[in-house]
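A.B. asks: Below you'll find the structure I mean.
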Amino acid sequence: MLRSRVTVFGILNLTEDSFFDESRRLDPAGAVTAAIEMLRVGSDVVDVGPAASHPDARPVSPADEIRRIAPLLDALSDQMHRVSIDSFQPETQRYALKRGVGYLNDIQGFPDPALYPDIAEADCRLVVMHSAQRDGIATRTGHLRPEDALDEIVRFFEARVSALRRSGVAADRLILDPGMGFFLSPAPETSLHVLSNLQKLKSALGLPLLVSVSRKSFLGATVGLPVKDLGPASLAAELHAIGNGADYVRTHAPGDLRSAITFSETLAKFRSRDARDRGLDHA
């Protein structure tokens, strides 16, 4: 049974080079409209990315990241608890903290201890992501083998969570993202192995998990389709993740995911009711 308590992150990219064209919103008015629509159709949180992080992404300065997110934060000032900023730039992260966002999402997993005092003083939640690269954006050179992946991810999170906790960050603010696609390996088998073993990861780590598989490279490699046609495979992977312990899912299609969760819950209720009725019939 899928769970309504799953938190859905809708992906909003304020970029011109994100790998999925339909997620790009560079003009401020279009970004605001897209964010409001995401919240309307099923996003609990809008995850705002001012820079792409795929292997071919162009670098964006912290000043440009801040310039891109500022108008959106102005427009959503009364819903900041539903805004996540997806950036690994400390300057951008500090700006987001000052604006009072609900979440910071760092693909490097918050590696800079100099930022920890600012994080500890805030109350936002932190999406701490694992990547084989350890720093920077995804690359095609990280080759984490399937058989090594779970142990490597657990070791990374044990060390990073310990560092954050020692700096005064409460455990209930931490959300762990094992990374997917190129963040693990160009080989789809590594991501498939991690996705198949989410319950093991969750048991080992004891903290909420966020899974971000939407339109990732390993899905395309598995089903033989381009990014634009990976909506169904993405939804299937997301539902699998939720059914196997994911507490948060980051997606390009929050409305579709929310509808699928709602239908699954309704079906489960009918199944439970029918089972009870059969029990009464045989009493």
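Along the chain as shown, the residues are counted starting at 1.
Including glycine, each Cβ sits where the backbone N, Cα and C put it.
Relevant sequence annotations retrieved from Swiss-Prot are reproduced here:
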DOMAIN    6-262  domain 'Pterin-binding'
BINDING   Asn13  Mg(2+) binding site
BINDING   Asp86, Asn105, Asp177, Lys216, Arg250, Thr251, His252  (7,8-dihydropterin-6-yl)methyl diphosphate binding site
A.B. asks: How many Å separate the Cα atoms of Lys216 ((7,8-dihydropterin-6-yl)methyl diphosphate binding site) and Asn13 (Mg(2+) binding site)?
C.D. replies: 15
A.B. asks: Quick check: which same-chain residues outside Asp86, Asn105, Asp177, Lys216, Arg250, Thr251, His252 lie with their CB within 8 A of the centre of the (7,8-dihydropterin-6-yl)methyl diphosphate site CB atoms?
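C.D. replies: Other same-chain residues near the (7,8-dihydropterin-6-yl)methyl diphosphate site: Phe9, Ile11, Asp47, Leu210, Ser212, Ser214.
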A.B. asks: Any idea what the model's mean pLDDT is for the domain 'Pterin-binding' (6-262)?
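C.D. replies: Looking only at the domain 'Pterin-binding' (6-262), pLDDT averages out to 91.
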A.B. asks: Using a 10 Å cut-off on CB atoms, tell me which of the binding-site residues Arg250, His252 is the least crowded.
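C.D. replies: Comparing Cβ neighbour counts within 10 Å for the binding-site residues Arg250, His252 gives His252.
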A.B. asks: Given a separation of at least six residues and a C-beta threshold under 8 Å, show me what packs close to Thr251 ((7,8-dihydropterin-6-yl)methyl diphosphate binding site) in the same chain.
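C.D. replies: Those within reach of Thr251 ((7,8-dihydropterin-6-yl)methyl diphosphate binding site), by Cβ under 8 Å and sequence separation of 6 or more, are Val8, Phe9, Gly10, Ile11, Ser212, Ser214, Ser234, Glu238, Leu257.
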A.B. asks: Which Cβ among the binding-site residues (Asp86, Asp177) has the fewest C-beta neighbours inside 10 Å?
C.D. replies: Asp177
A.B. asks: How many other Cβ atoms sit within 10 Å of the Cβ of Lys216 ((7,8-dihydropterin-6-yl)methyl diphosphate binding site)?
C.D. replies: 26
A.B. asks: C-alpha of the residue listed as 'Mg(2+) binding site' to C-alpha of Asn105 ((7,8-dihydropterin-6-yl)methyl diphosphate binding site): distance in Å?
C.D. replies: 13
A.B. asks: Can you check what DSSP calls Asn105 ((7,8-dihydropterin-6-yl)methyl diphosphate binding site), collapsed to helix, strand or coil?
C.D. replies: strand
